[in-house]
Amino acid sequence: MKISICGKGGCGKSSITTLLAKEFAKKGHNVLVIDGDESNLSLHKLLGMDLPKDFIEYLGGRKEFMKKLREKMDGKEVELFEGEISIDSLPKEYLVEKDNIKLLAIGKIHDFGEGCACPMGALLREFLKSLKLKDKEVVIVDTEAGIEHFGRGVEGGCDVIIAIIDPTYESIRLSKKIEEIGEKLGKKVYFIVNKVDDETKDLILENVNKDKVIAVIPNNKEIMKCGLMGEELNAELSEIKDVVEILTK
């Protein structure tokens, strides 16, 4: 199963990605977490890992990868990856692993003027389409904020889309767009309502498709502290356990 975690900036995508990854691993799954956000500097910290090397460098860097991709789109026989890709076949020097969870970072913006993130989005799209999973393997993609990754076709390689909704008008509006696009793609779309109290929970549930909501997560001091300090997140939430049960039915 390949899961895309999406939503507006600051809604809690990285925290939910971390909590889901750890719960899937506890249930005996082999988990690959993909950091698909070129601006994200906290996901690896929440997982308690070092930041891996940029995977796009394995393919020659941004310019070389885009050159190969353009040649492929022009009809030339170009292999972006050598043979079939599986989690076990990924180059270990581009992975960090802990407690049955592997972390892969597609690529980051490191310097002024180095160019846009389009090559990283294209690589993530092609990688997800090419990655073949075995039984009990799960991929969780922490996407960049917003919906540009939908325009790049990233979710075409995923089975499930989970939109994280926080107590903001923007987040509610975005969830409706994600639901619309995801259903046109024929993907399963779910919502996780995050960072709420009783009042904001009710307001959100009145304004989204409640049938898509698989968890409502209240404000949590441990999650907030880990996110603020860049510390490993080990919170155990019954809501996350329920999400994993739903996804593995």
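Our numbering is plain: 1 for the first residue shown, then up by one each step along the chain.
Using the three backbone atoms N, Cα and C, a Cβ is placed for every residue, glycine included.
The ATP binding site annotation in Swiss-Prot covers GLY7, LYS8, GLY9, GLY10, CYS11, GLY12, LYS13, SER14.
Here the features listed in Swiss-Prot are painted onto the structure.
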residue : record           : Cβ within 10 Å
GLY7    : ATP binding site : 26
LYS8    : ATP binding site : 21
GLY9    : ATP binding site : 14
GLY10   : ATP binding site : 15
CYS11   : ATP binding site : 26
GLY12   : ATP binding site : 23
LYS13   : ATP binding site : 28
SER14   : ATP binding site : 25
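Same-chain residues that are not part of GLY7, LYS8, GLY9, GLY10, CYS11, GLY12, LYS13, SER14 yet have a Cβ within 8 Å of the Cβ center of the ATP site turn out to be ALA145, ILE164, ASP166. DSSP gives LYS13 (ATP binding site) a helix state.
Secondary structure at GLY7 (ATP binding site), as computed by DSSP, is strand.
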